[in-house]
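Taken straight from Swiss-Prot:
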type     : residues : note
TOPO_DOM : 1-15     : topological domain 'Mitochondrial matrix'
TRANSMEM : 16-34    : transmembrane segment
TOPO_DOM : 35-40    : topological domain 'Mitochondrial intermembrane'
TRANSMEM : 41-66    : transmembrane segment
TOPO_DOM : 67-72    : topological domain 'Mitochondrial matrix'
TRANSMEM : 73-105   : transmembrane segment
TOPO_DOM : 106-128  : topological domain 'Mitochondrial intermembrane'
TRANSMEM : 129-152  : transmembrane segment
TRANSMEM : 156-183  : transmembrane segment
TOPO_DOM : 184-190  : topological domain 'Mitochondrial intermembrane'
TRANSMEM : 191-223  : transmembrane segment
TOPO_DOM : 224-232  : topological domain 'Mitochondrial matrix'
TRANSMEM : 233-256  : transmembrane segment
TOPO_DOM : 257-261  : topological domain 'Mitochondrial intermembrane'
Amino acid sequence: MTHQTHAYHMVNPSPWPLTGALSALLMTSGLIMWFHFNSTTLLMLGLTTNMLTMYQWWRDVIRESTFQGHHTPNVQKGLRYGMILFIISEVLFFTGFFWAFYHSSLAPTPELGGCWPPTGINPLNPLEVPLLNTSVLLASGVSITWAHHSLMEGNRNHMLQALFITIALGVYFTLLQASEYYEAPFTISDGVYGSTFFVATGFHGLHVIIGSTFLIVCFFRQLKFHFTSNHHFGFEAAAWYWHFVDVVWLFLYVSIYWWGS
């Protein structure tokens, strides 16, 4: 972006939306190729181009905001509205999965044996790994709030410590979820119980990985002194997203693990 004399969010033409769309096409096509023909070539190509696009797009945004000063108060306000709308769209996305779950579980059909969980399904014990996962995510919610308050108070060391703890808890959650999937006595193909369980918890797990990536980027940016107490929207957006992931898990735990078992 060349020199600008206004306070609004008008960026230069960028190739990244196009390469991002093409990488998404490659990933979805690659997923189909993997499922039907057991070939991962297209999927790997899609993932690689997607990672490259994300890296270069975020690099441009960081340059515009941190080094060129284009993220004026007006621009930050617009970005906040954008992030709020994005989180609302994610809430609606998960509402669809909860709707599918309750539609199937509140009035089980004769094919399911007229009961929930369906006949033949051994559900996971909600007081074992799922409860540990809940406490891990709740603890990460506390540590991200600690990081946010430390940043606003200008305490860089505490902010980095709290952010590192949050990332570690996010990675721990992902490992626990992976071990739970590995040991689960049912699969995604075990009727409506398996499909609603794995799709809802799997998409949540994907969001935890995305949120952890977001926080890792913030961690490295803070190591380079990118955030100040009054200019840190990148971190704020990551914190909002992490709280959203936290709340969704509480609903998943109460609905699918505890009530649904």
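Numbering starts at 1 and runs along the chain as it is shown here.
A Cβ is built for glycine as well, from the same backbone N, Cα and C atoms used for every other residue.
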Residues of the topological domain 'Mitochondrial matrix' (1-15) by DSSP state, where helix covers H, G and I: 0 helix, 0 strand, 15 coil
Outside the transmembrane segment (129-152), six or more residues from its ends: residues with CB under 8 Å to it: 158-159, 162-163, 165-166, 169-170, 172-173, 176-177, 179-180, 215, 222, 227, 229, 232, 235-236, 239, 242-243, 245-246, 249-250, 253, 257-258
Helix-strand-coil residue split for the topological domain 'Mitochondrial matrix' (67-72), DSSP-based: 1 helix, 0 strand, 5 coil
Secondary structure content, the topological domain 'Mitochondrial matrix' (224-232) (per DSSP, counts of residues): 0 helix, 2 strand, 7 coil
Arithmetic mean of per-residue pLDDT over the topological domain 'Mitochondrial matrix' (224-232): 93
